[in-house]
Structures are given as C-alpha cells and as structure tokens.
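**Student:** After the structure tokens below, expect a handful of questions from me.
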Amino acid sequence: VSLQMMKHAWDNYKRYAWGLNELKPISKQGHSSNLFGNIQGATIVDALDTLYIMEMKEEFKEAKEWVEKNLDFNVNAEISVFEVNIRFVGGLLSAYYLSGEEVFRKKAVELGEKLLPAFNTPTGIPWALLNIKSGIGRNWPWASGGSSILAEFGTLHLEFVHLSHLSGNPVFAEKVMNIRKVLNRLDKPEGLYPNYLNPSSGQWGQHHVSIGGLGDSFYEYLLKAWLMSDKTDEDGKKMYYDAVQAIETHLIRKSSGGLTYIAEWKGGLLEHKMGHLTCFAGGMFALGADGAPSDKTGHHIELGAEIARTCHESYDRTRMKLGPEAFRFDGGVEAIATRQNEKYYILRPEVIETYMYMWRLTHDPKYREWGWEAVEALEKHCRVDGGYSGIRDVYNNHESHDDVQQSFFLSETLKYLYLLFSEDDLLPFEHWVFNTEAHPLPILHKDDENKEENQK
C-alpha cells in the first residue's frame, strides 16, 4: 500500500510541481519553502532513496537525470544549514550508497563544501542560516540571545562523517567533532543540554530543554554516531547514555491515567506538553537498548514501548486518528491538544518511525496494527486528487487541508511505513543507520577505515 501511496504522491509532484521544492496538492502547483533558499528540487532529492528501495526504477532514473542536469547550488540565497543538510546532503549520500551512481557522491560533496562557511564562528558552532553564495551566516532572529539551536548544529554529525569518508577530506568530520568538544567542556544544568548555545561566546542561551523540536535529533545523532562508527565512538556513546539518564530523571513523567510522557523543561520548571516530533524518542530508546548498561536493556525497550503507546493514544483520541502537532497532560487532559495552533498534522513521520523501530526490535504485532490505522487515516483524510495534504485540525469532523505535500512525507513517512510492513532484511540495522530524514547511511566498519588509510 505504501508503494501505491508513494506512486500517488510522486506522480502528482511530477505532474504539477516537477523541479520545484514541494507540491501544493489542492492548488496543483509548486510550493517553495524559504528553508531551501533558491535551491530547487527538495522533493526529488528527498525521495531518491525511497524510489530506489521501492524499486520504482523508471521514477528513480528520471529523478537521477534531473539531479544531473538541474540540481544547482550556485544560488544567491539564504538556506537553513540543518534542513539542507538532512534533506539534500542526506538524500544524495543515501542515493549514492544505494545505487553507486557517482553523480550523487559528487553533488553531496559539492554541497558539503558550500556549507563549510557556516562554521566560521568564534567557537566553530555553526550559524543556522547561510547565504551559500556569499558565505555569510547568521542565526534565527527569534532564537534566544543570538543562539544557534541544539537540534540544528547537533544534527550534522552523521552526514559530515560520511562526507569526509567519501571525499577523503577530513575537514567535514573535524567540524562536527569540534562541536562535541565545545559541548563537553560546558556545564550542563542537571546533566541536561539546553536548546540554545551562543556561537560567539560559547555559552548557553535560555535554559530550555526539549526532546521535541529544537532539541530532538541532537540526542538521536549521539546514539547513531556511536552505532555508525561500528561502536567505536565511545564519546558519542557516553554522551548519549548520560543524556538519557538525565532525561529520565528530570523530564520523563507518568500521567494519572498511566501514560508515560516526556515533558519540556524551562529553567527548572516542567511544561507538561509533548510534541509530535518528540514521538521519535520511542524508537530511539529502543534502538539504544542493546548498548545500554547490561541491567538496563529491558528498561530502555520498555521505555520505547511506553512512548509508542502514549503517541498512539495521541492519534487515537482525535477525530481523524492522526496525531496533533503537540498534546498536553495538564488540567485533566491527557494526550490531547488544547490549543488551536497545536491541532494540525502536517504528514509527519515520527510516530510511524517509532512503530517501525518497535516492530523490528520486538515483533509485537500491535505496531503493525497501529501502522495500519495510520495508513487508513492518511488515505481517508490526507489523500486528495492531487497528492497528499496536511490537515489543520485533527479533532474536526471536516478536513481543512493545508495544501502542502511535505518532502519528508515521501522521504520518511512513506519509507517508514514501507519498512514497517517489509522483512527485517531490507536495510537491516546491523548495516544501516537512518539519518533524521530517514536517509539510510552505511555503518562504517573498522576495516573500511584501514582500507582508507592504506589508500592515502
């Protein structure tokens, strides 16, 4: 079914928005997000590996030809370093590792080089925004005290290590290892990592901590850096398990109805709210269970299962059986969005991602049942004539569509669904680690390193 869904999403993108970043499935035209500046083709690059894995060979070939002829990074525009890294660099790297087509390696390294000026700050903590023509960077104007954001500078590691691996140029890996060094020297309030870090002073901004937006993928990348290094990156491992310990102590709570959730921390005060983005953490805890201190493995799996259940409840308690952007545990409500601006669903993957990890790691059939419920809801409420659209209010009887088919719907949501219903030997965890945009990157085995050394 996810194959037919992919076909519907892709064919309509091709028909109405080919070469543009995203599709507006109701207006049947292109949508350009300012995250990518003037770079075009986000949906094409994000979807390459999904097309390949689903064996959509004709479509993959057309996408590859578009990349060869039209993917251009010489644009005078400001981009989000984080978004361009996870979608474009990640998408190109995966396409290269899966297909072996040289054009993807070449484009990935070329784009990586264009991102390097973002690290020209006093601390080496990169800017959030970069003009890729002038090389001038800055931070989001809304971020606390001119800070860079934890989830943004903390979600470069996997891709940049692979860029060094594929280019033979150590500078990429050095840039991300330096970020670790800065973080290691800093005092962490209660062992937690605030979401804001000033790239000039090297000091934390506001003491806000979140495992959802602004924090999320930083934690995921600590664990995955260790896994991707064939479990040699002891530093990443230690940082991850220490962080999980602090998260458990300070952020993980149980509601009166027995639902485990991850709250947000604001200078020592808890906000009992969890975002859809935070739902990825169930899969993360389960993926990290195996490497946890020996007596803790079962506990981490259990934690993953409990987060999966809470997130399933957030879907189940809506009219449309699709989860809201954020949901709360206060004032007598549990796993329900109470604010209008949190009731939307933009085709996000995190809950299905957690089902996929939980399925692979436990084979409990409920995860496939829950995934199937999500498929039915997507088909019923998000599928439109011209593709798939997000929904403005999942508690409503009637769909009000937002008219955007996000590139991550093809990259992540549909890929995780496909993997949830596939055999475990498709992209097995012992060989592949998924970046935060669901782009599979190969584990770098120790013998690969020696081969590289000998060639130098």
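Cβ atoms are placed via backbone N, Cα and C, with glycine included.
Bear in mind that TrEMBL entries carry predicted annotations, made automatically and left uncurated.
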**Student:** Among Cys311, Cys382, which cysteine is annotated in TrEMBL as forming a disulphide with Cys279?
**Tutor:** Cys311
**Student:** Among all the protein chains here, how many other CB atoms are within 10 A of the CB of Glu83 (active site, proton donor)?
**Tutor:** 22
**Student:** Spatially, and counting Cα to Cα, which of the recorded positions is closest to Cys279 (disulfide bond)? Options: Glu83, Asp216, Glu325, Glu350, Thr436.
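**Tutor:** Of the recorded positions Glu83, Asp216, Glu325, Glu350, Thr436, Glu350 has its Cα closest to that of Cys279 (disulfide bond).
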**Student:** Which has the fewest other Cβ atoms within 10 Å: Asp216, Glu325, Glu350, the active-site residues listed?
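**Tutor:** Minimum Cβ neighbour count within 10 Å, taken over the active-site residues Asp216, Glu325, Glu350, occurs at Glu325.
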**Student:** Looking only at Cβ atoms, how many others are within 10 Å of the one on Thr436 (Ca(2+) binding site)?
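**Tutor:** For Thr436 (Ca(2+) binding site), the count of other Cβ atoms within 10 Å is 26.
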